């Protein structure tokens, strides 16, 4: 158990680019000097959350735009929909993940492997041992930083805190058990096992699944303005598993531009049609972003230049040729025609 005084953490809108509402430079931290050692890890974790959000939603109608990445729920730019839920969860997970990893790497003097269960029986034929990643440490420190952003007691704050916790649960729930065999001539009579962090991509994929299954919480208008209202909010969220994402509002129509909400719509977005490595979701992106939004798919030819036929020359240089290649790209463009297939439904991001 790590008991610490709360830290004040503020996320502010970038002065130079107001649309870039959340970047690692937006973290302004004050508090005990002891916390300063964690600041670079917190910033790196926040950055990993940004990158993972953009990866997971690259071919969705909502593609994790910068304006969506402001963690403060009172800045006027944020809704309480399922996309907001994902942003909170993935950012919380990113901070916890990075703190845990850096702890195991020995970056902090007061933290190392979690050996609290070493020597104990873990299951049939194996014992706890080795160097487990210290998720308890990462969880405690990240909670002090990320949850400090929520100072309100209304439904929005409760939603954000719930999704922060869901992000931390995702890190713990995707940890991998790694084992080493012991015995004569590799007989593996017994095994010593420890827990390791997965690739952060696995955490992101797990939370993307939770995003699709997010639960909408219906509360009475104005709940939270009284002690009874705050109690009702607490009871409602307490009844929902902290492994699930929750939201209060339906999502807007991401096909359309909405300047008030900072949404650009899908016109002009690139989509994918061909490629050996494309998954089903990527291959359907032109239909999802263009056709179902009432837009045509415009084919554009372009020439790319890249290094190729690289050779190592003794000693010590690598020389490459410049190869030109014609490629075809696809974009959503305005067209006077009805949507292809079934009409899109407002609020859907798929």
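Backbone N, Cα and C atoms are what each Cβ position is placed from, and that goes for glycine too.
Listed in Swiss-Prot:
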DISULFID  53-64  disulfide bond
DISULFID  103-111  disulfide bond
DISULFID  113-131  disulfide bond
DISULFID  179-193  disulfide bond
DISULFID  181-188  disulfide bond
DISULFID  255-293  disulfide bond
DISULFID  271-286  disulfide bond
DISULFID  290-332  disulfide bond
DISULFID  308-323  disulfide bond
DISULFID  310-320  disulfide bond
DISULFID  315-316  disulfide bond
CARBOHYD  102  N-linked glycosylation site
CARBOHYD  258  N-linked glycosylation site
LIPID     185  O-palmitoleoyl serine
SIGNAL    1-21  signal peptide
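Taking the features listed in Swiss-Prot, we show where each one sits on the structure.
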residue: 64; record: disulfide bond; contacts (Cβ under 8 Å, 6+ apart): 50, 53, 54, 56, 57, 83, 87
residue: 103; record: disulfide bond; contacts (Cβ under 8 Å, 6+ apart): 111, 112, 133, 134, 137, 138
residue: 179; record: disulfide bond; contacts (Cβ under 8 Å, 6+ apart): 126, 191, 192, 193, 194
residue: 181; record: disulfide bond; contacts (Cβ under 8 Å, 6+ apart): 187, 188, 190, 191
residue: 310; record: disulfide bond; contacts (Cβ under 8 Å, 6+ apart): 318, 319, 320, 321
residue: 315; record: disulfide bond; contacts (Cβ under 8 Å, 6+ apart): none
residue: 316; record: disulfide bond; contacts (Cβ under 8 Å, 6+ apart): none
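Reduced to three states, the DSSP call for residue 320 (disulfide bond) is strand. Distance from the CA of residue 113 (disulfide bond) to the CA of residue 102 (N-linked glycosylation site) is 11 Å.
Annotation note: residue 332 (disulfide bond) sits in a strand segment as assigned by DSSP. The recorded positions 185, 255, 258, 323 include none with a CA atom within 10 A of the CA of residue 286 (disulfide bond). Between the disulfide-bonded residues 53, 193, 293, 308, 53 has the most other Cβ atoms inside 10 Å of its own Cβ, all protein chains included. For the pair residue 185 (O-palmitoleoyl serine) and residue 131 (disulfide bond), the C-alpha distance works out to 24 angstrom. On the backbone, the CA of residue 255 (disulfide bond) and the CA of residue 290 (disulfide bond) stand 8 Å apart.
Take the CB of residue 271 (disulfide bond) and look out to 10 A: across all protein chains shown you find 23 other CB atoms. Closest by Cα distance to residue 323 (disulfide bond), from the disulfide-bonded residues 113, 131, 290, 332, is 332. Across the structure, residue 271 (disulfide bond) and residue 113 (disulfide bond) place their CA atoms 44 angstrom apart. For the pair formed by residue 290 (disulfide bond) and residue 258 (N-linked glycosylation site), distance between Cα atoms is given as 17 Å, rounded to the nearest Å. Per Cα geometry, 293 is the residue among the recorded positions 113, 131, 258, 293, 308 nearest to residue 332 (disulfide bond).
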